[in-house]
Amino acid sequence: VLSPADKSNVKAAWGKVGGHAGDYGAEALERMFLSFPTTKTYFPHFDLSHGSAQVKGHGKKVADALTNAVALVDDMPNALSALSDLHAHKLRVDPVNFKLLSHCLLVTLAAHHPADFTPAVHASLDKFLASVSTVLTSKYR
């Protein structure tokens with residue numbers, strides 16, 4: 001459960017992402033594909049090379065979903081319901097992959113905003129991304 005301090009940290013950190021959200025989403029996906037090659041199996045139709053338009057497009061979708069989750073942090077189950085259905089029933093993404101992408105997002109954010117990535121912010125973002133992952137996997141049961 002996110003505390004009021006966690007929610008404040010997440011909103012402040014995501015606010016600093018600003019117009020770079022799509023770029024950071026794409027960078028996190030590239031990082032995930034390089035670090036965890038098995039995740040590529042969900043994207044057989046994508047050009048997974050550095051800077052590909054498909055990875056950038058999906059990175060923007062990821063970032064937009066996270067922006068929505070930040071904005072509706074107190075109602076994430078409703079905010080992410082359609083994505084949960086999509087990933088559970090149509091795409092059938094293994095839930096562990098959400099943890100892998102979350103880790104890559106944290107690394108990406110830390111690389112771009114090292115001064116802002118304090119231990120407290122890191123912990124809050126980690127809890128937030130874990131909450132997002134929990135919501136996205138809730139319809140698997």
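Using the three backbone atoms N, Cα and C, a Cβ is placed for every residue, glycine included.
These numbers come from a predicted model, not from an experiment.
As written in Swiss-Prot, here are the features:
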type	residues	note
BINDING	HIS58	O2 binding site
BINDING	HIS87	heme b binding site
DOMAIN	1-141	domain 'Globin'
MOD_RES	LYS7	N6-succinyllysine
MOD_RES	LYS11	N6-succinyllysine
MOD_RES	LYS16	N6-acetyllysine
MOD_RES	TYR24	phosphotyrosine
MOD_RES	SER35	phosphoserine
MOD_RES	LYS40	N6-succinyllysine
MOD_RES	SER49	phosphoserine
MOD_RES	THR108	phosphothreonine
MOD_RES	SER131	phosphoserine
MOD_RES	THR134	phosphothreonine
MOD_RES	THR137	phosphothreonine
MOD_RES	SER138	phosphoserine
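Here the features listed in Swiss-Prot are painted onto the structure.
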residue : record              : contacts (Cβ under 8 Å, 6+ apart)
LYS11   : N6-succinyllysine   : VAL70, VAL73
LYS16   : N6-acetyllysine     : HIS113, ASP116
TYR24   : phosphotyrosine     : VAL17, GLY59, ALA63, LEU105, THR108, LEU109, HIS112
SER35   : phosphoserine       : LEU100, CYS104
LYS40   : N6-succinyllysine   : PHE33, LEU48
SER49   : phosphoserine       : none
HIS58   : O2 binding site     : GLY25, ALA26, LEU29, PHE43, PHE46
HIS87   : heme b binding site : VAL93, LEU136, THR137
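Per-residue pLDDT, averaged across the domain 'Globin' (1-141), gives 94. Under the DSSP three-state reduction, SER49 (phosphoserine) is assigned to coil, being neither helix nor strand. For the pair THR134 (phosphothreonine) and LYS7 (N6-succinyllysine), the Cα-Cα distance reads 16 Å. When secondary structure is read from DSSP and collapsed to three states, SER138 (phosphoserine) falls in the helix class. Of all the modified residues listed (THR108, SER131, THR134, THR137, SER138), THR108 sits in the most crowded Cβ setting, with the most other Cβ atoms within 10 Å. On its own chain, LYS7 (N6-succinyllysine) has VAL73, ASP74, SER124 as residues at least 6 apart in sequence with a Cβ closer than 8 Å to its own Cβ.
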